[in-house]
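**Q** According to TrEMBL:
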type     : residues                                             : note
DOMAIN   : 24-188                                               : domain 'N-acetyltransferase'
BINDING  : V104, T105, V106, R112, R113, G114, L115, L116, S117 : acetyl-CoA binding site
ACT_SITE : Y145                                                 : active site, proton donor
ACT_SITE : F435                                                 : active site, proton acceptor
Amino acid sequence: MTLDHAAPAASGTARPPAPSRSDIEIRPLTEAGIPDWLRAVGVGFMQAPSVSDAELEGRRGGIDPERALGAYDGDTCVATYRTFDQQLSLPGGGVLASSAVTNVTVSATHRRRGLLSRLMTADLAAAKERGYALSTLISAEYPIYGRFGFGPATRSAVWSVDLTRTGLGGRPSGPRDGGRVEMVPLDEIRKIGPELHARFFAGQPGAVSRDDRWWDLETGRITVPSREWKEPFWAAYRTASGELEGLVAYATDRKWDDSKQPGGTVTVQHLFTVSPAAERALWEYVCSLDWTSRVRSGERAPDSLLPDLFPDPRAARIHVDVDMLWVRILDTVRALEARGYEGEGALVLDVTDALGLAGGRFLLEAGPQGARCVPTDAPAELSLDVRELGACYLGDASPLRLAALGAVREERPGAAATAERLFRTARRPWCPDIF
Ligand SMILES: CC(C)(COP(=O)(O)OP(=O)(O)OC[C@H]1O[C@@H](n2cnc3c(N)ncnc32)[C@H](O)[C@@H]1OP(=O)(O)O)[C@@H](O)C(=O)NCCC(=O)NCCS
């Protein structure tokens, strides 16, 4: 990877002549530049060609100009890029700050001329300078970010549940464990949601922090025209002693077919819990609503209790199963020492990083009591790119599979199995949020 991707394409291809680096200037955003920058975001994401006052009003508060870059063709913004501070929940209960990347767009008039490459290589180096050991993002398309050292570190599943088949029908409402499910007004959600989410976050590797703005957007206190919002139904699960252990937000569409059969779909927008009892109770609740025949689960953990909490698990099928959070390690020592390890062992990793940020040879000695990672001259046992290290970081990707695929290389027979025992976790990581 070079910093400048503006080199002309190989002869014979139909690429337009690429502007030289000096034609397109990359510079930090200013307050005055926000409207044009947001216009470029709207163009890049094919949302709208212009920015309304309401859009500007709703979006301005979420942008820190010091963490945003624009690429300018003359005075016109043609590419956008922004980061913000995010906390990432790690295996073993640790937390690490991440430089989260968002609002990445290059206008169609300027695509494939190296603008993203310039923005990203500059920003990843700046993120490391700022002291981040990680960068994170959600990738619109799979092929975009691997070349910059990001690896797909969590997966997410969306289930479709046929409510005529679950076997839940006809039961009296309410959990059978003495707890209760109750509707919660929006104002109350704004108060109790963040605290419950903090407890969920602490126990869910791969989860990312939700700031005040997230809650204001989700509870309608801030509205943004490009982000459709309609008040959802919120319900809570409380234990027999009244402790809040789960929340669900869902929307309904009230459809009936020609023969007056209910055909409505319940779409779950958020469901997060801190106990299996809460997870069971809230799924049983949303899958037992009258007038509905289908539930769309929203983004779920790959090891969610769905569908096995239904008497007939075949009532549910996976509609989408896709990579979700991508992790880019910027500081290998800090990142590997920050997470917990369920297995015990030692491994010499030879990490390549084309951007020169996190590469080197490292001895990792890890176990349930903690981890130590130090640069070493010892012979490498497992060679891998920083992209694969990112994919394995939260415990989801399998080093054994990656070795079989040729994506990591064993320098010592059995090294991939050692990595498997060290890196993988019994529970799978999950990031429920798209940012
Ligand atoms: C995705 C996007 C940001 C790429 O920007 P860009 O300036 O065209 O990217 P670059 O020119 O720096 O591309 C660098 C390399 O990545 C490749 N690449 C970039 N986007 C790609 C994509 N969507 N699919 C496959 N390859 C892609 C390029 O072909 C190029 O490869 P090369 O180095 O072998 O020539 C831009 O196309 C865009 O804004 N798309 C719509 C919005 C979007 O998807 N944003 C990302 C949100 S996560």
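Cβ coordinates come from backbone N, Cα and C, glycine included.
Any TrEMBL annotation is an automated prediction that lacks curation.
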**Q** Using a 10 Å radius around its CB, how many other CB atoms surround the residue listed as 'active site, proton donor'?
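**A** Summing over all protein chains shown, the residue listed as 'active site, proton donor' has 24 other Cβ atoms within 10 Å.
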**Q** Near ligand 1, which of the recorded positions show up if the criterion is a Cβ under 6 Å from one of its atoms? Options: V104, V106, L115, F435.
**A** V104, V106, L115
**Q** Tell me the Cα distance separating Y145 (active site, proton donor) from R113 (acetyl-CoA binding site), rounded to the nearest angstrom.
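**A** One finds 16 Å between the Cα atoms of these residues.
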**Q** Could you check which of the recorded positions V104, L115, F435 is the closest Cα neighbour of Y145 (active site, proton donor)?
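**A** Ranked by Cα distance from Y145 (active site, proton donor), first place goes to V104.
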**Q** Rounded to a whole number, what is the top Cα to Cα distance in Å among the residues the record ties to acetyl-CoA, namely V104, T105, V106, R112, R113, G114, L115, L116, S117?
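**A** Pairwise Cα check on V104, T105, V106, R112, R113, G114, L115, L116, S117 gives a maximum of 15 Å.
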**Q** Round to a whole number and give the Cα-to-Cα distance in Å for the pair V104 (acetyl-CoA binding site) and the residue listed as 'active site, proton acceptor'.
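**A** That separation, Cα to Cα, works out to 11 Å.
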**Q** Any idea what DSSP makes of L115 (acetyl-CoA binding site), helix, strand or coil?
**A** helix
**Q** Please report the Cα separation of V106 (acetyl-CoA binding site) and F435 (active site, proton acceptor) in Å, rounded to an integer.
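**A** Between the alpha carbons of V106 (acetyl-CoA binding site) and F435 (active site, proton acceptor) there are 18 Å.
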**Q** Whole-number Å distance between the CA of L115 (acetyl-CoA binding site) and the CA of the residue listed as 'active site, proton acceptor'?
**A** 21
**Q** Expressed to the nearest Å, what is the distance separating S117 (acetyl-CoA binding site) and the residue listed as 'active site, proton acceptor' at their Cα atoms?
**A** 20
**Q** With an 8 Å cut-off on Cβ-Cβ distance and a minimum sequence separation of at least 6, pull the same-chain contacts of the residue listed as 'active site, proton acceptor', or say none.
**A** Q86, A100, T102, I138, V208
